[in-house]
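Q: Take this structure first; my questions come after.
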Amino acid sequence: MSSFATEQSSFERSQWVLNSPNPPPLTKKLLGPFKDNKFFFSSSSSKKETRAVSFLASLFPILSWIRTYSATKFKDDLLSGLTLASLSIPQSIVYANLAKLDPQYGLYTSVIPPVIYALMGSSREIAIGPVAVVSMLLSSLVPKVVDPDSHPNDYRNLVFTVTLFAGIFQTAFGVLRLGFLVDFLSHAALVGFMGGAAIVIGLQQLKGLLGLTHFTTKTDAVAVLKSVYTSLHQQITSSEK
């Protein structure tokens, strides 16, 4: 009986692949998340309290699973948290250095975002916290407005302002269920971004790998390779003298 059910399930999956349904229209993709938000768009006025509780449960998934949380799960989560902290804390300090900020701000970003995501997140696999690409973007774009060496306080305040607006946009996207916008990003654009980010991160490690003292603050490949060539040429010339 089980083999027959397995074969039938495989046949149904193969038929679904061969005769896949048409994708939903663009209007449904755009308006669907707003219609699904029953707290704002509901014709029934007698269930406001129920809609409010449902909206809070969707906004804070912890309200749903905290009732079944046990001491065994807490023990496992504690061990996992300690293991990840041993990696994320030094990693966050490095990210702060990439963004040309003090190390303590890297510690803040390794502690506060996971706490917030524990209340509002629903995934057990996603990684929360700063990344090297974002840190490098901050260190390459913000210094064009404020010099971090001559005006460190203004630089720090401007970085805080940028991150504040990024958080506001992310919160708005989450509340309004606008995650479907990722579907409009082409695969080529995502692959190009990830490949370019990997190249930029690798080039930035040449400073420590080659022991260069004078290194460019730019992140593009041409400027980095030019800086490496110039620094190596100066070192070779000075050693020959």
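Cβ atoms here come from the backbone N, Cα and C positions, even for glycine.
Note that the structure is predicted; figures quoted are calculated from it, not measured.
Pulled from TrEMBL, these are the listed features:
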- 74-234: domain 'SLC26A/SulP transporter' (DOMAIN)
- 126-146: transmembrane segment (TRANSMEM)
- 158-178: transmembrane segment (TRANSMEM)
- 184-203: transmembrane segment (TRANSMEM)
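Provide an account of the burial state, proximal residues and distances for the features listed.
A: The average pLDDT computed over the domain 'SLC26A/SulP transporter' (74-234) stands at 84.
For the transmembrane segment (126-146), the list of distant contacts is 88, 92, 95-96, 98-100, 106, 109-110, 113-114, 117, 154-155, 158-159, 162, 197, 200-201, 204, 217-219: same-chain residues at least six beyond its ends, Cβ to Cβ under 8 Å.
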